[in-house]
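Per Swiss-Prot, compositional bias 'Basic and acidic residues' is recorded for 36-46. According to Swiss-Prot, the domain 'Calponin-homology (CH) 1' annotation covers 87-194, on the basis of sequence analysis. Marked as domain 'Calponin-homology (CH) 2' by Swiss-Prot on the basis of sequence analysis: 254-361. Residues annotated as phosphoserine in Swiss-Prot: S7, S54. Positions annotated as region 'Disordered' by Swiss-Prot: 1-57.
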Amino acid sequence: MSSAPRSPTPRPRRMKKDESFLGKLGGTLARKRRAREVSDLQEEGKNAINSPMSPALVDVHPEDTQLEENEERTMIDPTSKEDPKFKELVKVLLDWINDVLVEERIIVKQLEEDLYDGQVLQKLLEKLAGCKLNVAEVTQSEIGQKQKLQTVLEAVHDLLRPRGWALRWSVDSIHGKNLVAILHLLVSLAMHFRAPIRLPEHVTVQVVVVRKREGLLHSSHISEELTTTTEMMMGRFERDAFDTLFDHAPDKLSVVKKSLITFVNKHLNKLNLEVTELETQFADGVYLVLLMGLLEDYFVPLHHFYLTPESFDQKVHNVSFAFELMLDGGLKKPKARPEDVVNLDLKSTLRVLYNLFTKYKNVE
């Protein structure tokens, strides 16, 4: 026997019941929200009193918030990563590493992801310094990777410390994929080994420093200078008589310039060429190539260099070719970089010409 069907609950009644429930729920949520806002306001006030100089915490990646008490982590502010100069610096360094390691069939795509374990840094240093490091070839464990990094960085420090470089990286920062530390290391290596690259000057980034104190995350911003001028970066590990002339004896510098102009014109006049401005007229490399041919008494085939260079790369090619001719002539490797000469750096140009003067001053 089937039971009689229950009559449906009247619609208006259910609406009143729902509205009553939602009203109570809304009131409860509102009270909780007000209580939470008061609590947050009190906490904000307490933090403002305890750390008045601490800015509000910026958005950070979830993995960057997994910190122990009093632990600190740094990261580049996202806006700095979009800066054209920063992007150029990263690209130039990536291209340089891949050029150096082309025979190793190593391709680096992302600095922090490909360099943190020490494997690529080991190969890079061995190639640049012409040495062999006593480390395991492949290490998967964190301990093994840090041991390799320790060996590689100690070798780097032995090279850079006598030059006066400030070492702004560590095993933990490199292994922790700290891009700022990795960039500092690569810039130092590039300058020390005179990499044939042109680093963008005055690259500065905003770094977010996150610290955990009393269970709360606190952040602050600092400016980190990655590059200055090429001259200043080179000067960190190389000072010579020309530095002294530029800094302390401008009157003697004028005499040196006149002597070098007299020297180069003595030979370039044979081709009906004359120099009046050292920094500008040697910047494209043409006069340097022709001068080497005159000093060594040979004709330089025109297809070996650009007689009327137009681009920066063509000018760098010419100066680099002139440097090769100097090495073939028994001269030491020039202290200047081809890029510096092309960029109208007078001190670099004077170094190159003075190197020629000391050997060929008695050549007629």
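Placement of Cβ uses the backbone N, Cα and C atoms for every residue, glycine included.
Here the domain 'Calponin-homology (CH) 2' (254-361) has a mean pLDDT of 88 out of 100.
Break the domain 'Calponin-homology (CH) 1' (87-194) down by DSSP state and the numbers are 74 helix, 0 strand, 34 coil. When the domain 'Calponin-homology (CH) 2' (254-361) is classified with DSSP, helix, strand and coil residues number 73 helix, 0 strand, 35 coil.
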